[in-house]
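Here is what TrEMBL says about this protein:
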- 69-87: transmembrane segment (TRANSMEM)
- Gly75, Val78, Asn82, Asn340, Leu470, Ser474: Na(+) binding site (BINDING)
- 99-120: transmembrane segment (TRANSMEM)
- 141-169: transmembrane segment (TRANSMEM)
- 225-246: transmembrane segment (TRANSMEM)
- 258-278: transmembrane segment (TRANSMEM)
- 301-322: transmembrane segment (TRANSMEM)
- 334-355: transmembrane segment (TRANSMEM)
- 458-484: transmembrane segment (TRANSMEM)
- 496-515: transmembrane segment (TRANSMEM)
- 527-548: transmembrane segment (TRANSMEM)
- 568-594: transmembrane segment (TRANSMEM)
- 614-639: transmembrane segment (TRANSMEM)
- 681-728: region 'Disordered' (REGION)
- 697-708: compositional bias 'Low complexity' (COMPBIAS)
Amino acid sequence: MPKNSKVTQREHSSEHVTESVADLLAHQEPVDYKRSVLNVTGEAWDKQKEGEEELDAENRPAWNSKLQYILAQIGYSVGLGNVWRFPYLCQKNGGGAYLVPYLVLLVIIGLPLFFLELAVGQRIRRGSIGVWNYICPRLGGIGYASCLVCFFVGLYYNVIIGWSIFYFFKSFQYPLPWSECPVLRNGSVAVVETECERSSATTYFWYREALDISNSISESGGLNWKMTLCLLVAWSLVGLAMIKGIQSSGKVMYFSSLFPYVVLVCFLVRGLLLRGAVDGIMHMFTPKLDKMLDPQVWREAATQVFFALGLGFGGVIAFSSYNKQDNNCHFDATLVSFINFFTSVLATLVVFAVLGFKANIMNEKCVVENAEKILGYLNTNVLSHDLIPPHVNFSHLTAKDYNEMYRVIMTVKEGHFKELGLDACLLEDELNKVPVQGTGLAFIAFTEAMTHFPASPFWSVMFFLMLINLGLGSMIGTMSGITTPIIDTFKVRKEVFTVGCCIFAFVVGLIFVQRSGNYFVTMFDDYSATLPLTVVVILENIAVAWIYGTKKFMQELTEMLGFRPYQFYYYTWKYVSPICMAVLMTASIIQLGVSPPGYSAWIREEAAEKFLFYPTWAMAILISLIILASLPLPLVFILRQFHLVSDGSNALSVTYKKGRMMKDISNLEDNDETRFILSKVPSETPSPMPTHRSYLGPGSSSPMEMSGAPNGRYGSGYLLASTPESEL
C-alpha cells in the first residue's frame, strides 16, 4: 500500500477512525456503515454510545499483578468444601482409593472446563452475561442463570461465615464455652442440662447456644438476634471487600487466600504431635480398592470436582476478564486446579490427624467406662476374679489390657455375655465411624477435638479465622459472578450496585437466621445449585465446542496464547466433557427421584437428630428454586429465537487504531448482506486470523495450504486482535 494513502496515514495516526470493511478494501474515504447504505441493521448511529463502548473496553480495570490474580482464583476455588466436604467423601468412599477417581475426573472434566471458562473470559473481557451473549446469543440465558445461582449460593454461604464469626468471638475465653455442659442450679441443687447430658457439650452449644434451633422447618421461632448481627457483620465485610471491584477485592485476597494455608500447616504440625494422629492418617490413606468399582463413588467425585473449581458460577469468567489478552490462561488453569487438589489433600491430612486424636480420646473414655462396669461385676460376684489376667492393673488400664480381658470374659460368659453390656472399645471401630460432614465437622467434631488441645482458645481462634477467610475468598468470587456481568451489561455504578446488592441479600438472608434457619441452609445447599449449574456448564461446553466450533475456538486460542493448546483439549471439549457432564446430570436427576427430599432435624426432647421430609410448602420452595435458577435458559432462547428481543445479529463494525484492528461479528447468516460486503463469493471471504497460526483440529490440512495470502488479505498490520471486541 502506498505510504501516502489515506488508510496508511490513519494507521500511523493516533486519531481514532471508524470505517467499513468495504472502505478498507477499496482504499477509499472512510464511510461509517451506520450512516451509509450498507447499514443492514436499521439501527440509528450513536457516535457517543460507540465511543463509550470502545473507551470502556480500553479502560477496563486490570489486576495489579499476576500473583494477585492467581490468589483471587485460588481464594475463589478453595473454599469450605475443601475442609469439610472432601475429607468426608474421602473417608466414605474408600480412603486413599477415592483419590484415584477424583484425580482422573479432575483431569478429564475439571481442568478442561476450567480452562474453557478462563479462556472465554480473558478473550472477550466481559462477565458471564456478555460472554455468552457474544458467543451464542440464543444461549445468552447461561449468563443470567449463573447470576441467579450465584445469588442463591451467596445468600446461604454468607450465613456460614456469620456462624464462623460467632464462634470466632466466643473463642476468646478459657475454658472454651463448648467444653463442658452447663450446670443448672436450683438452690443448693446443681443439675447438668438434660439436653446436653444426653448428647455432648459441643453438640449442645451448636444447636442450643449458637442456633437455638427449632424442632422442624415448620417452626420458625422468630429471629435469632445473635446470628442476625453476625450475618450483618458478614455482609458488611463482603460489601467492603467488593465495593471498589478488583481494586479492593484483589488486596483482600492477599490475606484471605494465604492465611488459610498458614493455619492448615500449623494445624498439621500440631496434629501430628498429638497422640493417635498417625492412627487417623494411616486409616485415612489405607485404600479400599473395591470402592473404585462403585459408580456412586465416581458420581460423588465428579460432583466434588465440579463444585470445587467453581464451574458455572461466573466467578471464574469474571476474574479472568480483567486479564491482559496475552496472559497464559492455560498455565493458570493447570496451576489453580492442582493447587485446589493439593489443598483438599492437605485439609484431609489435618482433619484426620485431629480425628485420629479424638478417636483415641473416645476409645480411652470407652475403656474407663467399661472397666468400671467390670469392677462392679467383680464386687457383686457376677464375674469371678479368676477371669482377670494377673498383670491387669485397673488403676492404669491400657486399651490392650482391656481388650485381652474383654476376650476372656466373652469366651467364658458366652451364653450371658450380652447381658453384661460391655463394649469392645476398639480404636478401629472409632475410626470406621462415618465422619460427619459440613457444619457438623466444623462446628461439632472439630470443636470438640480442640477442647483437648493445650492452649485450646488459641487454636479455636485460628481455626475459625481460617473458616472466615476461606468463606470470604469464595464469597468475593461468587459476588463477582453477579456484579461483573451486571455492571458490564447494564452500565450501572459499581459502588451503588454492590452496596444495594449486599443490603438486599442481607434482608432476604434473614430467612436463614430464624431458629429454623439451619434447615433452609440445608435446602438451599442441596437443591438451589446442583442441577441448574450442571445444566449451565453443559450448555457452556456445547456453546463453545459445537455451536461456535471447537476447531475455530482452538484457532482463536492459538492466536491469543501464542502457542497451540494440546489436542487433549480438542477431544475433551468436543466429546469427553459433554458426555461426562450429561451422565452426571442424569445421575443427579435419578438421585433426586430415588431419595425423597428431606433434612435432619434436631429434636430437643430427644436430644438427637431425626430425618424429616419437607412439608408441602417447603417442597414448593425447593422446586421453585430449581425452576427459577434454570428459567433464563429457555426464556432467553425463545425470546431470541422468535426475534422478540434483539440479539445483536447482522451487526458488523470494524475499527482500527495505531495498526490494531478490532471486529465485532455476531451471528452472521450465510446469505446476508455482510457476505456481499466482505467479498463477492464465499471463497473470497478473508480469514479473520493470521493463517500462519491457524489450528483447525487434529488431522486437518496445513493452514499454509488453505490460503494463498501468507498474512491474510489485509496484511499483518490490521490483524493484531487485542481487545474485547476481537472475535472469539
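Numbering starts at 1 and runs along the chain as displayed.
Positions of Cβ are set from backbone N, Cα and C atoms, glycine also.
Note that the structure is predicted; figures quoted are calculated from it, not measured.
On the structure: features taken from TrEMBL.
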| residue | record | Cβ within 10 Å |
| --- | --- | --- |
| Gly75 | Na(+) binding site | 28 |
| Val78 | Na(+) binding site | 26 |
| Asn82 | Na(+) binding site | 24 |
| Asn340 | Na(+) binding site | 24 |
| Leu470 | Na(+) binding site | 29 |
| Ser474 | Na(+) binding site | 28 |
Look at every Cβ pair spanning the transmembrane segment (301-322) and the transmembrane segment (334-355), keep those 6 or more apart in sequence, and say whether at least 3 of them are under 8 Å. yes
Would the transmembrane segment (99-120) count as touching the transmembrane segment (527-548), if touching means at least three Cβ pairs under 8 Å and pairs must be 6 or more apart in sequence? yes
Can you see whether the transmembrane segment (334-355) and the transmembrane segment (258-278) are touching - at least 3 CB pairs under 8 angstroms, only pairs 6 or more apart in sequence? yes
Per the Cβ filter (under 8 Å) with a sequence gap of at least 6 from its ends, the transmembrane segment (527-548) is approached by 113, 116-117, 120, 132, 135-136, 139, 142, 145-146, 148-149, 152-153, 156, 303, 306-307, 311-313, 573-574, 577-578, 581-582, 584-585, 588-589, 592, 597, 622, 625-626, 629-630, 633, 728
For the transmembrane segment (496-515), name the stretch out of 69-87, 141-169, 225-246, 258-278, 614-639 with the most CB-CB pairs under 8 Å. 225-246
Compare 69-87, 141-169, 225-246, 258-278 by their Cβ pairs under 8 Å to the transmembrane segment (614-639) and return the stretch that comes out on top. 141-169
From the centroid of the CB atoms of Gly75, Val78, Asn82, Asn340, Leu470, Ser474, the recorded Na(+) site, which same-chain residues not already listed sit within 8 A by their CB, in sequence order? Ile74, Tyr76, Ser77, Gly79, Leu80, Gly81, Ser257, Pro260, Thr343, Gly473
